[in-house]
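Colleague: Pulled these features from TrEMBL for this protein:
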type	residues	note
COMPBIAS	1-10	compositional bias 'Polar residues'
REGION	1-23	region 'Disordered'
DOMAIN	7-461	domain 'Aldehyde dehydrogenase'
ACT_SITE	E238	active site
ACT_SITE	C272	active site
Amino acid sequence: MTTTTTSNSALEVRNPSDGQLVGTVSVDDRDAVNRRATQLRLAQRAWAEAGPRQRSKWLRLWRDWILTHSDELTDLLQAETGKVRPDALVETTASCEFITYYADHAEEFLADERVKTAGLLSLPKRLSKTYQPYPLVGLITPWNFPITLFLMDAAPALAAGCAVLAKPSEETPLTCARVIDGWREIGAPPVLAHVTGAGDTGAAVVDAADFVQFTGSTATGRQVALRCAEQLKPVSLELGGKDPAIVLEDADLARAVEGVAWGGLFNAGQVCISVERVYVVAAVYEEFVARLTQRVQSLTQGADAGNDVGAMVTARQVDIADRHVSEAVAAGAKVVAGGKRGAAGNYYTPTVLVDVDHTMSCMTEETFGPTIPVMCVADEEEAIRLANDSTYGLSATVWTRDRARARRVARRLEVGAVNINDVFSNLFAMTLPHSGWKASGMGARLGGADGLHKYCRVRAVTEPRLPVRARELTWYPYSAWRTAIAAKMLRAAAGRGLSQRLGQNKEHRR
Ligand code: NAD
């Protein structure tokens, strides 16, 4: 079943759990995107001049609007994504923290910064950095978290003083649009708008923006990066993943089982940092698999209140999960839980696979579905080697009671984040950067002040500390004596490290 039907001028959004029509949106062409971009740019000048304190007031009012409308937004989100209620609620409530954090810190993070001097030539100068927002940020998002992935970048970009043109996924454009309605309803300056459509609309947003924040698949991210490279346009990419979980023999097994089950199946496995593959040390493998199987088999699936696992957003994603399972089974893997499509709607039963290895797509390609393949490994070394054997490098989890060991393992993993004895906890840690290594991304989001500075161009400013004369020693006209003095001073300053080392060597020889 396909959730979204496209025609040249309109997109139908259907409920993934039952195929019912939820809404229709226009397909915005390049002209429509450019018109919207021009309006946003005009309004952005006053927005930037208003300063962080004034902008933060609007951001807080918007957050309050979202929280007041949380029930309505959660209903709409469930309808267009097929999420179960608890999974949808996180989006409409917890995501507001991104707004609160950047509203509370924008003034501090955007203040001019004094910088220490280094080197002789800059010694007589007062050095500072000032931050100037990019006028227009293009914000392109996927369908798995239509509100969270929008807010976690829209909040810092707006707080920085940018205008934001959002392009939500064509599969789930409705809730994001409603959240943007909220910005208008509170009467905020017209610096936030959205366009709807698929790849062509997204490409037009890339061309219209001064900075592109893209979240989506690695394949599309590559196209966006190439386009930005042609235009020398800054871009930040948050892409796909194949996150490993490492369960060591000294893990708290009860917690590891519950964490891996939730980390692999939350949001029907459609989370960029889902647990996508598990490596369990042989000593506890049998017990881990038995307990995980029991937990996963106990979960209920469906759209009704009280269910644990919801639908998948697209029929295409169900096909991918199904292909990964059937390819694995054909190559010798065993299904110990689930492993079937649902009878109706975009459902795939929560699945545990064993006897898997790295020749199988379920262990190497992003599944983005409710499947947990578990592999037995000899020891920690083998687990680390296999965890790093991936083109992706988004995040990982490590399960052990030994904290020092966990940190040691974490340092060896080629990923942008490691959660020890937990899953997803880096996602809402706004003071930490959220970035993917290898094919999982470029740049980062959040990370305290960095998450706001990325939406600004930085300007270096120098000014004389002391009263200045008509000309400096190094200026025109050149003369032999001035050049000789300048050369001596520059040599002395540049070679300071060298002369100190020479001095130390003399000391040693004595
Ligand atoms: P996708 O790449 O198909 O689409 C993402 C967005 O890009 C959509 O809005 C789409 O319309 C737009 N788009 C398509 N072609 C474009 C083009 N040429 N130029 C500009 N925009 C274009 O991804 P998806 O299937 O919607 O989302 C799933 C993927 O997103 C998974 O790979 C998942 O891992 C990834 N993801 C990553 C993160 C992260 O933070 N790293 C978070 C969530 C999802």
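Just so you know, glycine gets a Cβ as well, placed from its N, Cα and C.
All annotation found in TrEMBL is predicted automatically rather than curated by experts.
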Colleague: When you measure from the Cβ of C272 (active site), how many other Cβ atoms are you left with inside 10 Å?
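Modeller: Its Cβ has 27 other Cβ atoms within 10 Å.
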Colleague: Rounded to the nearest angstrom, how far is the Cα of E238 (active site) from the Cα of C272 (active site)?
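Modeller: E238 (active site) has its Cα 9 Å from the Cα of C272 (active site).
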Colleague: As a test of reading the model: what is the averaged pLDDT for the domain 'Aldehyde dehydrogenase' (7-461)?
Modeller: 97
Colleague: Could you tally the C-beta atoms, other than its own, that fall within 10 angstroms of the C-beta of E238 (active site)?
Modeller: 27
